[in-house]
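Here's what TrEMBL has on this protein:
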type	residues	note
ACT_SITE	B:Ser148	active site, nucleophile
ACT_SITE	B:Asp314	active site
ACT_SITE	B:His347	active site
BINDING	B:Arg218, B:Asp348	substrate binding site
DOMAIN	B:44-353	domain 'AB hydrolase-1'
There are 2 protein chains.
Amino acid sequence: MNKNVNIKNVIIDKPLKLDCGQTINNYSLAYETYGSLNENKDNAILIFHALTGDQFVSGINPITKKEGWWSYAVGSGKAIDTDKYFVICANVIGGCMGSFGPSDINPDTNKKYGTTFPVITINDMVNAQFNLLNFFNIDKLFAVMGGSMGGMQTLQFVNNFPDKAKVAIPIACTASHSAQNIAFNELGRQSIMADANWENGDYSNQNKNPNKGLSVARMAAHITYLSKNGLQEKFGRKLQERDDLKFGFDADFQIESYLRYQGSVFVDRFDANSYLYITRAMDYFDLIKEHHGNLSKAFEKTKTKFLIISFTSDWLYPTSENKEIVIALNAIGADVGFVEIESDKGHDSFLLKVPKFLNTLGDYIKTAYSKN
Amino acid sequence: MNKNVNIKNVIIDKPLKLDCGQTINNYSLAYETYGSLNENKDNAILIFHALTGDQFVSGINPITKKEGWWSYAVGSGKAIDTDKYFVICANVIGGCMGSFGPSDINPDTNKKYGTTFPVITINDMVNAQFNLLNFFNIDKLFAVMGGSMGGMQTLQFVNNFPDKAKVAIPIACTASHSAQNIAFNELGRQSIMADANWENGDYSNQNKNPNKGLSVARMAAHITYLSKNGLQEKFGRKLQERDDLKFGFDADFQIESYLRYQGSVFVDRFDANSYLYITRAMDYFDLIKEHHGNLSKAFEKTKTKFLIISFTSDWLYPTSENKEIVIALNAIGADVGFVEIESDKGHDSFLLKVPKFLNTLGDYIKTAYSKN
């Protein structure tokens with residue numbers, strides 16, 4: 001992380017008991033806001049980011065100098081209209097963009113935590129971010145929402161704080177991380193831990209970086225974010241700058257150089273240990289088990305209105321898993337809408353310019369707010 | 001490879017011009033046979049193995065001491081009945097089980113080839129193995145067959161030698177490696193090459209082994225061999241030997257320890273550079289492009305009867321890609337059967353005890369041979 005960039009943060013001076021048993025206090029939450037909180041304080045939207053996201057939802061990310069991860073959805077006149085709503089997003093704890101994470105210095109040892117950082121859960125992330133309501137002096141959010149791991153946090157938020165959001169929009173997510181999801185995350189972790197520069201998690205104290213391992217982890221994850229058909233249409237078997245096969249191990253196909261590029265730019269903005277901790281939090285997520293097999297119990301105390309959105313070509317968090325949430329909500333007569341968006345862009349659809357998705361999201365938010 | 005094990009091989013003393021332009025000669029093909037060639041020499045079946053397979057199709061593999069990779073299908077009284085047929089299988093060139101490969105010593109340098117070994121293709125593999133017909137004094141094979149990369153070799157064999165097999169059975173394969181297939185293979189290669197012990201492919205001359213990278217590559221591939229539902233049913237979120245989460249990075253879930261185990265046993269039997277070369281050969285495979293977009297042309301000179309088999313839950317080589325082959329064969333009025341087998345075991349179905357598959361295979365072979 002470039003330390004010359006001004007990262008807004010709040011120090012939370014309220015103890016938080018983590019699921020692992022440890023208690024943290026005076027920890028940092030790095031955040032961004034977009035738009036303004038109105039006088040009634042009823043227009044606030046808390047957005048939760050995904051595994052490799054951060055608080056820089058829209059506009060230019062000051063670290064990467066690229067557009068924020070949800071720039072298609074969030075901004076003036078967009079689905080999440082910053083002329084109307086006050087948007088808040090914080091970096092998750094365990095992250096590497098200014099919130100309390102494994103690359104922070106442990107005051108007890110004066111060394112970076114590395115893997116001595118406590119293992120955190122989605123529940124911990126959400127409980128930490130709940131403090132933002134107090135910080136911004138908001139009693140009740142208009143909405144909570146997010147895609148992928150952001151959707152898991154959305155579900156967990158309503159479970160933990162049933163009367164703190166009018167609307168919840170979990171997108172392309174699941175109520176319980178599947179064996180295949182765990183398998184892909186474990187693959188990424190093993191790739192990082194296989195890098196000789198990982199040094200049992202102590203690399204940053206030794207001025208090393210397990211960049212090769214982290215890059216391979218990103219490549220693996222990236223494949224899962226795209227659909228088979230989408231990859232075929234975008235890349236197929238197109239060759240790199242040449243007409244013929246090179247008969248070697250350089251990137252011959254465009255898909256190869258694309259993946260290598262995705263890996264190489266990722267290591268510039270992300271911390272390997274954060275990748276371990278956040279994937280672990282996702283793997284531990286199981287709102288169904290938390291309620292002894294009955295997901296409806298997670299929502300029975302809430303009047304929050306739900307919109308669940310899935311994408312046809314998302315094979316990481318397929319429609320079937322999103323529907324489980326819909327079924328659990330319907331079973332208790334909750335106010336729930338469900339839309340499966342036709343898209344060939346795979347799990348990444350929620351981050352991309354998919355008009356049907358952005359229109360659905362925008363229309364729902366507009367209508368829900370008008371009934372506020 | 002354990003050099004104390006007796007590996008049968010033949011030295012091919014006929015020059016083979018590879019697709020990369022190099023010519024090889026006096027190269028080794030390691031093989032196994034099962035059953036006996038009959039007097040008419042019309043009962044020979046050439047089986048092609050998949051990426052990590054070898055010539056030890058059935059019985060106990062002398063290297064791994066485990067059952068051969070196709071023991072469910074090949075043996076006395078089985079679908080490929082060794083009481084009736086003479087089964088031949090050779091290790092592919094580029095492999096590491098006795099055929100000419102990157103772990104061989106280059107006589108010009110007295111060092112192991114490593115990545116100075118020529119890049120090979122599926123076409124090269126098949127052209128090399130064609131010499132087995134001469135070696136066994138067989139004019140025409142009863143059948144050629146194989147799953148996955150073995151299926152690709154089957155297609156290439158009929159393309160190259162249209163009158164040398166009565167029957168061809170490509171299983172769970174494709175006529176052209178897709179972008180997603182290339183992406184997963186590239187992920188495996190990058191994982192190997194990221195290992196500090198890979199040493200630009202020269203590890204075996206330096207008594208090193210990129211086992212961590214190779215292990216991660218195997219884990220990645222293994223996930224693709226299983227279906228999402230199959231993984232969920234087999235492992236779900238079952239924990240390891242404990243009732244509670246451990247809040248650490250050891251294997252908490254059974255799927256994690258399973259993957260780690262798959263990675264760890266693989267490195268004992270497979271060479272990292274062979275993994276690079278063989279995945280490269282798969283990625284280069286494109287029988288459609290070879291015929292300028294018209295796959296039918298690959299088969300228009302043949303009278304070989306085809307049976308194409310796919311599996312419902314195979315997302316690596318899905319039914320749709322297998323059907324492309326069927327369509328191409330139908331377009332020229334070829335004798336072609338097609339069966340999609342219901343199975344939740346994913347791509348690996350062809351290696352496993354899937355009765356519907358084994359019965360289909362056995363019945364087809366029996367009927368086809370009776371009409372011999």
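Here the Cβ of each residue, glycine as well, is placed from N, Cα and C on the backbone.
Note that this is a predicted model, so its numbers are computed, not measured.
A 10 Å cutoff on Cβ-Cβ distances gives B:Asp348 (substrate binding site) a total of 23 other Cβ atoms nearby, all chains included. Each residue contributes its Cα atom, and for B:Ser148 (active site, nucleophile) and B:Asp348 (substrate binding site) those atoms are 9 Å apart. With respect to their backbone Cα atoms, B:Asp348 (substrate binding site) and B:Asp314 (active site) stand 8 Å from each other. For B:Asp314 (active site), applying a Cβ distance below 8 Å and a minimum sequence separation of six or more within one chain yields B:Ala172, B:Ser227, B:Gly346, B:His347, B:Ser349. Within 10 Å of the C-beta of B:Arg218 (substrate binding site) we count 23 further C-beta atoms, all protein chains included. According to its DSSP assignment, B:His347 (active site) is helical.
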